[in-house]
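Some features that Swiss-Prot has for this protein:
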{"type": "REGION", "residues": "55-74", "note": "region 'Disordered'"}
{"type": "COMPBIAS", "residues": "58-68", "note": "compositional bias 'Basic residues'"}
{"type": "BINDING", "residues": "Trp110, Gly170, Ala171, Gly172, Asp192, Trp256, Met288", "note": "S-adenosyl-L-methionine binding site"}
Amino acid sequence: MAFKLWLLDEETIYEHVFERYTQLEGQSGKLAQDLGIQDRRGGVLEITFEPSGLEGGRKKKRVRRRNKASSVEEDQNVAVDSYHVSVGQSISSLHSSRDNGNSTTGYVLWSTTPFFINWLLYSTSAAPFRLGSQVEVTCGSSCEGHKLELPRLVDLTGADRGKRGILELGAGISGILPVILGNFVDTYVSTDQKGILNKLKDNIMENLSQLTRKRCISRSLRLELPTVEPVGDADITAASLPSKSTLHLEVAALDWEKINLQDKKTHSLHPELSLIGETCSSVYVIAMDVIYNEYLIDPFLKTLKQLKHWLQTTYNLQFHVLVGIHLRSQEVTTLFLEKAIIEYDFTVYDIVDQVIQESRFNFYLIT
């Protein structure tokens, strides 16, 4: 069964937060009681993402070969590809008072991101983000029967002609979202503070082989489509050959404290953001575990407000935001929702799904 959306307002915020943290307390014996670092023991992490039960995945592949007519439906239903990434992280930088202006949480991989990837690609309940479909919305009797139309976040088949993009905020150093989700979108822009970017680029390049469904071009990573030797008198390039579709993948600095998209120099200051507007018809902003203290809330929401206004008014893009929160401080979660809904006037939905509710995480859809 697909997830449902609970439309939150200034009254239901508190009911939602109370219920979610009560659920969390009831599962305290099953869930890890830590801050959420994926693995603090090593400098290099090896992580595998795969469908639950590889035998099931192999069975699906055999069916697709025998019956091509059913392949689209099966591919859309759940991802069948597996991925293995190697992530270099820096525990010493995490505890440093000198690195990146003392903003160091991005130097390690936090567990919200791997959980989100597994849920998005392999959970049957996440199908609306893979299919692009209507999702049931609940918010009391006044919303009974209401549905929200969601564009695809990822296209597992490559058959959809719509152009989709992802803008990642607060990416950190891991680079695993772009090399995995980049297989299913047309443009991916990964952003963080300037001091994080070199390690982020290193990890993306290390795992570029996981982009199995795309050819990747990138100005920031200096990746170009290879040329092919001429055959006879023909001047043939890789771009002219029938092959994989192309992913535009960029890494860029984006400081939430300094961004000003009303500046007329936006195109020169943020060419990667312009790339999304110029190449896509819909964009999802993804932010995993970036709300962990109260000081980040206003800069983050101000950035979202600017991005939404600029991308919608300048490029007429469909704009959605997915925020993943590791449930630590109940006060921080409450303050984030209060400010998003009341002060910044965003429409915020809680993604209601059993798999998520059995974890330490929560995901919010913002429009």
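Cβ atoms here come from the backbone N, Cα and C positions, even for glycine.
Note that the structure is predicted; figures quoted are calculated from it, not measured.
The DSSP secondary structure for Trp256 (S-adenosyl-L-methionine binding site) is coil. Within 10 Å of the C-beta of Trp110 (S-adenosyl-L-methionine binding site) there are 21 other C-beta atoms, taking all protein chains into account. Under a cutoff of 8 A between CB atoms, and with a sequence separation of 6+ in the same chain, the neighbours of Gly172 (S-adenosyl-L-methionine binding site) are Thr105, Gly106, Tyr107, Val108, Leu109, Trp110, Thr113, Asp192, Ile196, Leu200.
When secondary structure is read from DSSP and collapsed to three states, Trp110 (S-adenosyl-L-methionine binding site) falls in the strand class. Taking every pair among Trp110, Gly170, Ala171, Gly172, Asp192, Trp256, Met288, the residues recorded as binding S-adenosyl-L-methionine, the greatest CA to CA distance is 20 Å. Secondary structure from DSSP puts Asp192 (S-adenosyl-L-methionine binding site) in a beta strand. The 10 Å shell around the Cβ of Trp256 (S-adenosyl-L-methionine binding site) contains 19 further Cβ atoms across the protein chains shown. Within its own chain, Met288 (S-adenosyl-L-methionine binding site) has Trp110, Thr112, Thr113, Phe116, Gly170, Leu177, Gly324 as residues 6 or more apart in sequence whose C-beta sits under 8 angstroms from its own.
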